[in-house]
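Undergrad: Supplied in structure tokens, the structure appears directly below.
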């Protein structure tokens, strides 16, 4: 976990619009990624990318974009389209892991159509679009659980717009809560390694498996490991201060990472599941934590 | 309906006469005269019958409302002022206007995200010391029905207010309800303490509240004085839209600048900033001094908008002890020192706001000083409760800025503290607790002598603390409801079967009302109680419910020391009920007059 700087694994996280899109505890996602990297001897550098900053795709290994107030979202949308668009597209096509939450998710789809006024143009990474149906349609607010890769992911959602997927693959299936639009049971969207979701609360602290998955993807991509082909969970290889050369290709990126003591994380995860009546899943989550 | 509005008296001249608050007392108003112009007999008769109809209706509303309140209290459904207001408003939607118009000295409304209760408390104390009869709504009952209730419980069955002479009302009003409240009450002064992010799922976002306020201020009558926080950009910007007088308050003590205090203003001073871009042009503000969050001396580099110069200013703030702040205050007519008996910089703002209103109403200096210095904090705002040889201090924190300021107040001296955090996510708290990730818990790390985490979202908070550097073993986590999966997991382990039975026994012991918990707190130090000795502290699941959490936190606080309790809003209410059940706090909805 220490010393040997030259051999140390390093990842760089680009945090898009940290000053504008920071409404829903997005700091928790960054803290989680940072800490989970540090505990495994990986250095995670966080670089804020504000309005006007260019996005050079080869400088980053991981990107995060959060949600914000409507007032602050419009200049962001413009900047995303005009300044960062090309870099972001290149990064995504090159399989960089990207996590986009709430407003960030909407901005990566085709457009956001408010109840009144003109559409806000998005980047079109996800073949999806968002419509706000006016003040009479209730906001989607509350705890939410989705199933992702056979596991649960929990969070809190709070969005007025409803997102509809075209050909985009959803991140998961809604078990409890509203999801993309409260109609079709989908939540979030995936394109290559870009993940859009409405789940915050923050998302990553209570979902350590998803956090590790993103870190694993970034490591795999940066250190030349084989592209992910399946999501089975073979027994993990331990990565703790080891050099890139020692790594061998694996299928599930999270198996690159040394398991941590995540009992508290999974208890928080299970507490949400139990509130929504998912007792079986809660028990499974705690068992997984004990097994690790 | 006739309105008789007092014109605001802004004190501008030299020092007031020494008779307390004499200058601003207006001639006693008689029966309101008919509007000039309505002269014909028929019109007058019509008006008379209309007035009679309305007062009949008011009387009906008062009688029914109070009957409903009595019934609700009898059935122990609650304090009953909200139900009073609700019923009265249903029968006569204009009941607030009808009754408030009878107040001899009119109304003052206080709104803002943080500090409504304390600010109106300070102001009420000042006005009382000035010899007035002050009527307030019950803390937290800050929607219209709470206001209606507060008026109706003071009304006679005739539909008229009792003892309306010498009376003034000070109402704290929910941010989103302010437009309606202003329309019904036509206040003499409207105070905007600040605007932070709070309960997003209820109000939408900060910007939508700001838009609501701007709209409302444009429609305010010229007779309403606006009292605004100069250091909060969004709040201060309301002044540009006002038609009536505007009075700003603010801090001038530049030694409080965060960047100066904490070296580079970097590590450990994460600030949740809720409005950063210029209300006029959208550029980011530049701060020459920042006191906390977005409070400070700001300027827009693009359009030049800057913080207005405040008329009521704190020139110097010194901390005598934890909760004695010595503040040098300058107003257009006075310069003096006031001791604020509460902790935290936010309370300096609250006091300044109250002083500014008092000045706007023409109150002389003596009651201002005595009102603030002898102020008794409202429940949960730094109030002290003695329990089993320990002191409990309750510090409500319901949003990122509020909690950051409480943490700063608690931990800036580096003294280790005993802490009980209560995080709830009921509707009144806001369902979305993601804001805890924007709170600088890191600054408390290494400074907690004991740490108990409770509430409906105890695990979320514990996790936040873990990521702030606390080891899970340092925390006693006591959620509101049992985590079944965890109990089963413990129960399914070989050693655990016994543990599970123990757990069940423990559960019964901690049931509310099950004598053991009660007596241990009231009587002897808990350590003597065999059943709750260290053996149990070591078990992974120490129970659940706020009563248990309180018990545990007290156990971990040695006799003679202070336990600081930092709850969200409904956590505070629960604690209050719990302490009340043990006979430790005054009854909540006392103080009808």
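These residue numbers are counts, starting from 1, taken along the chain as shown.
Cβ atoms are placed via backbone N, Cα and C, with glycine included.
Quick caveat, the model's predicted, so the values are computed rather than measured.
Below are the features I grabbed from TrEMBL:
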{"type": "DOMAIN", "residues": "A:14-207", "note": "domain 'CobB/CobQ-like glutamine amidotransferase'"}
{"type": "ACT_SITE", "residues": "A:102", "note": "active site, nucleophile"}
{"type": "BINDING", "residues": "A:139", "note": "substrate binding site"}
{"type": "ACT_SITE", "residues": "A:200", "note": "active site"}
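Walk me through the surroundings of each of these features.
TA: Counting every protein chain shown, the Cβ of residue A:102 (active site, nucleophile) has 26 other Cβ atoms within 10 Å.
If you draw a 10 Å sphere around the CB of residue A:139 (substrate binding site), it holds 16 other CB atoms from the protein chains shown.
Residues near residue A:200 (active site) in space but far in sequence (CB under 8 A, at least 6 apart, same chain), listed by position: A:24, A:25, A:26, A:66, A:67, A:101, A:102, A:155, A:156, A:157, A:158.
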Undergrad: Going by DSSP, is residue A:139 (substrate binding site) part of a helix, a strand, or coil?
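TA: It is coil.
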Undergrad: Mean pLDDT over the domain 'CobB/CobQ-like glutamine amidotransferase' (A:14-207): what is the value?
TA: 92
